[in-house]
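*Asks:* Found this in TrEMBL, in case it helps:
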- 81-389: domain 'Phosphofructokinase' (DOMAIN)
- 89, 155, 156, 180, 181, 182, 183: ATP binding site (BINDING)
- 181: Mg(2+) binding site (BINDING)
- 182: site 'Important for substrate specificity' (SITE)
- 209, 210, 211, 254, 255, 256, 310, 364, 365, 366, 367: substrate binding site (BINDING)
- 211: active site, proton acceptor (ACT_SITE)
Ligand code: ATP
Ligand code: MG
């Protein structure tokens, strides 16, 4: 089967005519080593079979525009005014990205006007009363040591026309949006209004998703920090479970639609006996259901550790009430961890088995920590790629990493679907191998 057909074309504001101020940094003018060749592409496919399935000539193979510095850029740095905003939930690394953007813009491109818009998209709307702050090297010094975002964030819909009014009135040329899928939808709307008005404002996204659920991006920033932190909770749950007869440790981790954190945390410490994720529905009751399996396991081995992603088993929680939504219209999930805690306790009691169940939900402790060194490196490199793209007049795109290379991904593509654990893929296979749980509870 030929791989999916995708449009990888990135929108640009116009021809690049200005010599990049990075020239002194990027060695001799003869060398094209650091500059990106504007005709180069990062191939979408990376196996011989995938390429063969396209039955296409090399230049017809789909490829992403590579990230990195261009010899010629679109914006005159001394006249460029930049805005940065963070939206949606917290994720480790937000401050690293903000700092990376500011330092690259100021130190290497010589941009002097950078505004931090506060509290998400509210920061562009006068009635909320959050005036932007000036950002420079001093303002972002050391911010990467802390979790959260120095700019603040928010949810809730704002009028893209009013946002563009604000950008126009402040003569902003480049807007960086650091946020999740909702924020990227917002960024695309802003880029579309900019286009509709014939303005030359680049809108560049740095995608933030602690759940690692953005497609066409190998891994999202903050994800590694998140699952490393979740691993600590699994370790605690394991120690607790082993310390008592028939102990059960239950950990709920983040993952609304994608169970990557649950899978990676379970693989990282090898102590989990069950991993429940949204992508793999499970049966609770019956001889082959999860509860019976868990009981048998505890009887045989004396204890068990269960990891559940927050989006797992939502089908059990659809009670009579209509689904609630948050300010941004995202469906509020019911609490699978609390539900499982009750059902496991009831089930053991019904079968006359004593148990001691310890429930751990580390979500907020995970979201708010600073990025680990790996994610910090990744954040800074994403920020560099975002600045290079913006200065070269790209727009309506996010920076990503595909097959280990930094690339430009059109926003429309990045929000077109969700990256999920493939129940038939090798990651889930590794989880089954590690936990010993059945392929399906059915
Ligand atoms: P997280 O994944 O952490 O929830 P997010 O970016 O998806 O991050 P949201 O609260 O969904 O968080 O959205 C952030 C901002 O983007 C909000 O101000 C919201 O109104 C806006 N937004 C969400 N969806 C859209 C959309 N379809 N069009 C325009 N703006 C949107
Ligand atoms: Mg979201």
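Glycine residues also receive a Cβ, built from the backbone N, Cα and C atoms like all the rest.
Predicted automatically and left uncurated, TrEMBL annotations should be read as such.
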*Asks:* Can you check what DSSP calls residue 180 (ATP binding site), collapsed to helix, strand or coil?
*Replies:* coil
*Asks:* Over the domain 'Phosphofructokinase' (81-389), work out the mean pLDDT and round it to an integer.
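*Replies:* Result for the domain 'Phosphofructokinase' (81-389): average pLDDT 95.
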*Asks:* Given residue 89 (ATP binding site) and residue 211 (substrate binding site), what distance in Å do their CA atoms have, once rounded to a whole number?
*Replies:* 11
*Asks:* Take the Cβ of residue 209 (substrate binding site) and count every other Cβ within 10 Å, whichever protein chain it belongs to.
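*Replies:* 28, counting other Cβ atoms within 10 Å of residue 209 (substrate binding site).
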*Asks:* Consider only the binding-site residues 211, 255, 310, 365, 367: which of them have a Cβ under 6 Å from an atom of ligand 1? Write none if no residue does.
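*Replies:* Passing the 6 Å Cβ check against ligand 1: none.
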*Asks:* Among 209, 210, 211, 254, 255, 256, 310, 364, 365, 366, 367, which the record lists as binding substrate, how far apart in Å are the two most distant Cα atoms?
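*Replies:* The span, Cα to Cα at its widest, is 17 Å.
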*Asks:* A 10 Å Cβ contact count, applied to the binding-site residues 310, 365: which residue has the minimum?
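*Replies:* Per-residue Cβ counts within 10 Å for the binding-site residues 310, 365 bottom out at 365.
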